[in-house]
Structures are given as structure tokens and as C-alpha cells.
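Annotated transmembrane segment per TrEMBL: B:7-28, B:77-100, B:120-140, B:161-179, B:191-210, B:247-265, B:277-300, B:312-334, in sequence order.
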Ligand code: SF4
Ligand code: SF4
């Protein structure tokens, strides 16, 4: 099967004298490299210039809140079960009286950790979640010096209450 | 009085040359990275200063402040001597290159050449071959088998190519009947040597690549086989000296190539200009040629892959050497019949 029209038939026939001189081939090579001097560079100047991710990009997770600012997650543990890398740790707690404005269901996650070193960004947690609580976003998990810093706790994952701090996941929601 | 002023002039010239060599070598490192980037459709260093122009300075500062390390069991004196010799010999070559026409100021003729010795070209070869010591001593004194192997490999390569290099310029010496570089340059007033000895030039050029340890002959450093090569154990500025001497060598050999084959400071239509202006233009032209060759070194580097060691030896001894000897015979015959 031919994938491009640039493939060349290889053979191990003896080289002719002019081929063994190598110089024409070298000149050809020099011509190719020189022509590249004037081509547009493919570099993206990263910190200043960020390349747009595709709609299906799966980056760092977010734990969503509902319209009233309550956490969606009910600590059912389905995401942790679905996770093939076993990256998610959840400790559930019961919602007390007067906490209704914080948590949407009677049960909530007191601890919600994702080990970003284990996570393979497969997105199965997002698929498993029945409460629309966890989504993968277009944010990139930042680098760190310590392994411990890669365990993202709830405060790193839950989005802000304020509307402007919310994270847009509409691109990922489309097919649901 | 005249002697004193000439002495002063020579000292000044030597010092200027020293600074120019270092400056060009420093900026070759930057230039190399830029050329590499452009040839690979990248951008290259652009963070330090405008267009990344301060990059060599940043590199230098980094090199100086890196931790010094000397492996146990290494020979203290020789370990320091290695890079020093490499650097020293690299810097010495350019002393005999004529940088321009003799200029006359106030009735005194000042030649733009630090030392116009009558065995000029032999001096170049002598100094260049001393550079082998730097590498061999450096590799040996590191007390590391890989360094030693790298050094042996590097020095045998340099010695092998030195022979063909020396032979390839004998036709030029026959033609200008002088070993003096200033004579060789003036003999090219009408026709550059490249047109008279194209094959000799080719041999010389290939050998120059091998001598400066540039790709495709950069076998001395080889991460896959020898960890790093002869400078595996070197750190900080001592490593910097080794790497930097490569760039100085590149500048020096570009200068020698331009002088031997490309008419030095001559350029077509030189006689149309008045004496003084022609002299100054000549210097600029020579530097233009040198910069072109430095670029050519880099251009080749990003085009041709590295040789295998046996191929390298084969090329040196079985192709270039016989070819150079044949050239001597041919040109010898030609010169003796006319
Ligand atoms: S993206 Fe996949 S691996 Fe990562 S936490 Fe979710 S389910 Fe686990
Ligand atoms: S994120 Fe979703 S699946 Fe995971 S525990 Fe919370 S509600 Fe359950």
C-alpha cells in the first residue's frame, strides 16, 4: 500500500561510479538544506503563543458546580471504579443541616484526589459520572518538582463559585 | 623610530586579531544554532537580548559558573593542560594569515600580517598538528577508558587527514614557488587558486573538515559509542575551552582556505579602486569569504550524516592520499614543462 507519492523503490544494486563519487548527492543535499533556510518555521513560541487545542482535547479535570454554586459530585465512586489507572481517591461524607447551599446531594466528597502521575487522561471518569460532576478540560497539568505536588486535591479541582471563575466544558458536553 | 612604530603596530594587530578571533568564534556558536534552526524550520535562540544576540554571553557565563570537577586518579597538570593546548594552538594559526594589502602611513609600510615568516604555510600545518596533543592529553589524563578511546580516535583521524592536507597544497607551493603566505596571496592577483587547482581545493576542504572535527568527521564526540568522546570528564570552562577551540579552529581554517584558494584579500576589479580604498575593501572581502566558509561548515553539518570510522580511514588513506599524490605528479609535470 502506498501512503504517499514520495516513497522510493529500494534496491541493493551496485552503485555506479558517479554515485560512488557522492559529490552530486552532497550537492543535492546542500540544495535541500539551503532551501529550508527560507521556509516558514513551524515553531510555536509557547508562553506567548498558545496553540489551540482540538475540541476533544483531554486535559486537567474539573469538578463542576451547578447553577447555584453547589458541588455536583455525590461521591458515588463510579469515576474511581471506572478509572483504569486507579488515579482517583474519594472519601465520602454526609451533608449536614445548613450545608445545602454547598452540596447538591445528601452525600458529598470530603476528599477528592486525582493522582496526575497515574492518570492517563482517558476520560472514562467523565463518561462514568452520572451527576455531570467531573469533566476533562483544555487546561494542561503544570509541571512540578515533587511527586506529591502531582496529587491534585479537591481545592485544585473544584471550580470557583463565582460565575467568572467557572470553566467552560460545553465542547465536551455536546454529545451528551 | 620606524622599528618602534612597526613593533607597536604589530602588537596592536596581534591583539586586535585575538579579539576578533574570539568574537567571531563566540558568535559562530550563536550563528551555528541559528543556521541549524533555519535549516530545520525552527527559530533558534531568541530569548537572550534582541534576536537572542546575547546568547553567547549567556552561554559563557553559564560555562564559567558551572561546577568544576576533576575525576580521581586523573593527572592534575595534564588535565588542565589539555584544553589549554587545544585553545592555544587554535588561536595561534591566524598569526601568519595576511589580512590585507600592505598599507603605507607616513612613509612607513605596515603589513597587515602579524608575522610574515617565510615558511608560513608550514607554520600553519605545524601549529594545527600540535592541536592533536590537546585532545590526546585531555583524553588520556581523564583516567577514563571512553575518553581515551575517543582521544585515540580523534588523534588518529587528525593525523591521517593531515597527510592528505599537506600533500594537497604542494601544487600551490610549486605554482607560487614560495611557502610564504603573503607570496601565495599575491600570486593570486589575477587568477584565484581555486580555478587552477580545483581538485586540490576539494581535497583540502575535506581535510579541513576532518581537522576541525566537524561533521561529517565529528567522530571524536560520539554519545552513542563513547559516552561523550575525549571530553567526557570535562566540566565547566575546561569543557568550554574544548568546544570553543573547535569554533576558533573553524575560523582559522576558513581564513586559511580563503587565503590559499580564494585569493585572500583580492577581489575582482580591485585595480579599479585607489590604493587605500582597495586595501580596506580587501580586508572586508577577506572577512566576507571567511564568514561564507564558516557558514559552509555549518551548512555541511546539517546536511551530511556522520561517517563510520572505517569509512573515514578508507577515505583518508585510500582515496584522498593517492589522489593528492597523483595531483603532485601531474602538476609537477606541468610546471616542469612550462
Ligand atoms: S481520565 Fe481516566 S485515568 Fe484519568 S482519572 Fe479519569 S478515568 Fe482515571
Ligand atoms: S465525580 Fe461523578 S462519578 Fe465521581 S464520585 Fe462524583 S458523582 Fe460519582
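Placed from the backbone N, Cα and C atoms, the Cβ positions cover glycine too.
With a cut-off of 8 Å between Cβ atoms, the residues of this chain six or more beyond the transmembrane segment (B:161-179) that come close are 118-122, 125, 128-129, 187, 193, 196-197, 200-201, 203-204, 206-208, 210-211, 217, 260-261, 316, 320-321, 323-325, 327-328, 331-332, 335. The stretch in closest packing with the transmembrane segment (B:312-334), judged by the count of Cβ pairs under 8 Å and taken from B:77-100, B:120-140, B:191-210, B:247-265, B:277-300, is B:191-210. Within its own chain, the transmembrane segment (B:77-100) is flanked in space by residues 13-14, 17-18, 21, 70, 111-117, 120-121, 123-124, 127-128, 130-131, 133-135, 137-142, 181-182, 185, 234, 238-239, 241-242, 244-245, 248-249, 251-253, 255-256, 259, 264-265, 279-280, 282-283, 286, which lie at least six positions past its ends and keep a Cβ under 8 Å from the stretch.
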